[in-house]
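Remarks on the structure that follows.
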């Protein structure tokens, strides 16, 4: 999915508002995903998945760091996320549908925390961005 100039601007502005909360929002999105889609827990059998768990917070930080890196390289998502794509496809073997589920819960989390900034246009741009990230992360499954 190609991001327009307006989409790129919206994504950068929205992610800028996330600021230092990126890790916390990432962890919250993971918690939402585990609660809403319990089958996603199967990829984390060694994690304490309880609310506020240090392991979920740590993984939320990793998710947020990857997305922050992607926001900084919107014109080269495949190159930027190549290592993560390899990891998820070949080592972790994560079912691709899980990227869509996490994208959904991340959008919900952002909408809750940034209600005044989460306009329909920003929502659409973030959705396209997260779909693009998901496409890149699943590109090496073939």
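From the backbone N, Cα and C atoms, a Cβ is placed for every residue, glycine too.
A quick note: this is a predicted structure, and the numbers were derived from the prediction, not measured.
Swiss-Prot has this to say about the protein:
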{"type": "DOMAIN", "residues": "2-142", "note": "domain 'Globin'"}
{"type": "MOD_RES", "residues": "4", "note": "phosphoserine"}
{"type": "MOD_RES", "residues": "8", "note": "N6-succinyllysine"}
{"type": "MOD_RES", "residues": "17", "note": "N6-succinyllysine"}
{"type": "MOD_RES", "residues": "25", "note": "phosphotyrosine"}
{"type": "MOD_RES", "residues": "36", "note": "phosphoserine"}
{"type": "MOD_RES", "residues": "41", "note": "N6-succinyllysine"}
{"type": "BINDING", "residues": "59", "note": "O2 binding site"}
{"type": "BINDING", "residues": "88", "note": "heme b binding site"}
{"type": "MOD_RES", "residues": "103", "note": "phosphoserine"}
{"type": "MOD_RES", "residues": "109", "note": "phosphothreonine"}
{"type": "MOD_RES", "residues": "132", "note": "phosphoserine"}
{"type": "MOD_RES", "residues": "135", "note": "phosphothreonine"}
{"type": "MOD_RES", "residues": "138", "note": "phosphothreonine"}
{"type": "MOD_RES", "residues": "139", "note": "phosphoserine"}
Inset, instruction - Select one residue from 4, 36, 109, 132, 138: among these modified residues, choose the one with the most other Cβ atoms within 10 Å of its Cβ. - result: 109
Inset, instruction - Could you tell me the mean pLDDT over the domain 'Globin' (2-142), as a whole number? - result: 95
Inset, instruction - Using the structure shown, find which entry in 8, 88 (the recorded positions) has the sparsest Cβ neighbourhood within 10 Å. - result: 8
Inset, instruction - Give me the Cα-Cα distance between residue 135 (phosphothreonine) and residue 25 (phosphotyrosine), rounded to a whole Å. - result: 22
Inset, instruction - Measure from the CA atom of residue 17 (N6-succinyllysine) to the CA atom of residue 138 (phosphothreonine) and give the result in Å, rounded to a whole number. - result: 28
